[in-house]
């Protein structure tokens, strides 16, 4: 038969509790968000023979109600924990063995605060170590991923680029890797703390930026690292590129030259064949000299030695065709008209078809006759009217004399 303990013994035991209940743990712990931290802890409590139940422990946040609020971590499987810390805060130690170590993963900024440990051993031991509280500080994640490039990036040759976060917590939620670049067309594979990208660079990728993003979903934070690609070319590739560039430039220049020639030809065809009006009708003196020279050429006694232009007029009066006249008067189209008969042309004051007979030779001389309306005359060539400046006619008739 067990007798109840005297009341004064129970009171004396309660006074000695503070001396026997002790907790050894760091006062302050700092961790970056998304990472993990291990808080070592040792707990001591009195050994009472009458308490036969198992020892359980819990970590609670400062200011909570012991009877209404749940702990952030506990070793009691029957007790619920807070949803905000469920799966992230874990009581690793066994309070039965005086170990109250706490493990925190996927740390979040709202985890910052004060925490205390509580031990329970039914039916008599229930103690909260509020005098030895833990201060937890969660700061922003300052670390960035590492991008490793093996050797040199050569254009046209695949390379494996590795993005890693060796400082990440293995016990935490695996991070998510993603690559960003205008040159990416390849696939990537990843492990717990790294991602390998199979990348085949091209010459145009030189100088572009490649970014690796790492997202820690457990904490809702993302970090990144950006590098600039340095793509090299082999000598053979360089020669090929130079040849291709030169070939393209040559083709473009050739096309441009052909276009210019075409435009020049079209411009010359449509341009009215004129000589600058510095002689002829606007110069009465030279016009009179030309008329006098022309009349002298018509004289039977005229000599070519005295008047060189007479050979042209006599050629006009003797030849059955006026092709020689066309060769002189149309310097821009003389090549085109060199072998063409007069039958394809129409003059407003002379009308003929085919070769000129001897009875029509005198009509050829009318072309150079000084008339009242000599300025201007119109010459239809291929159904197009070309205005003849009087100087042109003068030059036709007495070209050698005026030159």
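Yeah, the Cβs are placed from backbone N, Cα and C, and that goes for glycine too.
Feature annotation from Swiss-Prot assigns domain 'Ig-like V-type' to 17-120. Across the domain 'Ig-like V-type' (17-120), DSSP classifies residues as 10 helix, 38 strand, 56 coil.
What Swiss-Prot lists as topological domain 'Extracellular' is 18-240.
Residue 36 (disulfide bond) has a Cβ environment of 18 other Cβ atoms inside 10 Å. The annotation disulfide bond is assigned in Swiss-Prot to 36-169 (among others).
In sequence order, 23, 25, 41, 42, 43, 57, 59, 91, 93, 117, 119 are the residues near residue 100 (disulfide bond), counting only same-chain partners six or more apart with C-beta under 8 A. The annotation disulfide bond is assigned in Swiss-Prot to 41-100 (among others).
Per Swiss-Prot, N-linked glycosylation site is recorded for 110 (among others), and the stated evidence type is sequence analysis.
Per Swiss-Prot, N-acetylneuraminate binding site is recorded for 118, and the stated evidence type is similarity to another entry. For residue 118 (N-acetylneuraminate binding site), the same-chain residues 6+ apart in sequence whose C-beta sits under 8 angstroms from its C-beta are 57, 58, 59, 60, 66, 71, 126, 127, 128, 129.
Per Swiss-Prot, the feature domain 'Ig-like C2-type' maps to 145-228. Sorting the domain 'Ig-like C2-type' (145-228) by DSSP state (H, G, I as helix; E, B as strand; all else coil) yields 3 helix, 41 strand, 40 coil.
Cβ neighbours of residue 160 (N-linked glycosylation site) (same chain, under 8 Å, six or more residues apart in sequence): 150, 196, 197, 198, 199. As annotated by Swiss-Prot, N-linked glycosylation site applies to 160 (among others).
The disulfide bond feature in Swiss-Prot is assigned to 163-212 (among others). In sequence order, 145, 147, 163, 177, 178, 179, 180, 195, 224, 225, 226 are the residues near residue 212 (disulfide bond), counting only same-chain partners six or more apart with C-beta under 8 A.
Sequence-distant neighbours of residue 230 (N-linked glycosylation site): residues of the same chain at least 6 apart with a C-beta under 8 Å from its C-beta are 152, 153, 206, 207. If you look up Swiss-Prot, you'll see 230 (among others) marked as N-linked glycosylation site.
The transmembrane segment annotation in Swiss-Prot covers 241-267 and is backed by sequence analysis. For the transmembrane segment (241-267), same-chain residues at least 6 beyond its ends with a Cβ under 8 Å from one of its own Cβ atoms are 203, 233.
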Message: When DSSP is mapped onto helix/strand/coil, what comes out for residue 230 (N-linked glycosylation site)?
response: coil
- request: Please report how many Å separate the Cα atom of residue 169 (disulfide bond) from that of residue 110 (N-linked glycosylation site), as a whole number.
  value: 19
Message: Among all protein chains shown, how many Cβ atoms are found within 10 Å of the Cβ of residue 41 (disulfide bond), not counting that one?
response: 24
Query: For residue 36 (disulfide bond) and residue 110 (N-linked glycosylation site), what Cα-Cα distance in Å is obtained after rounding to a whole number?
result: 15
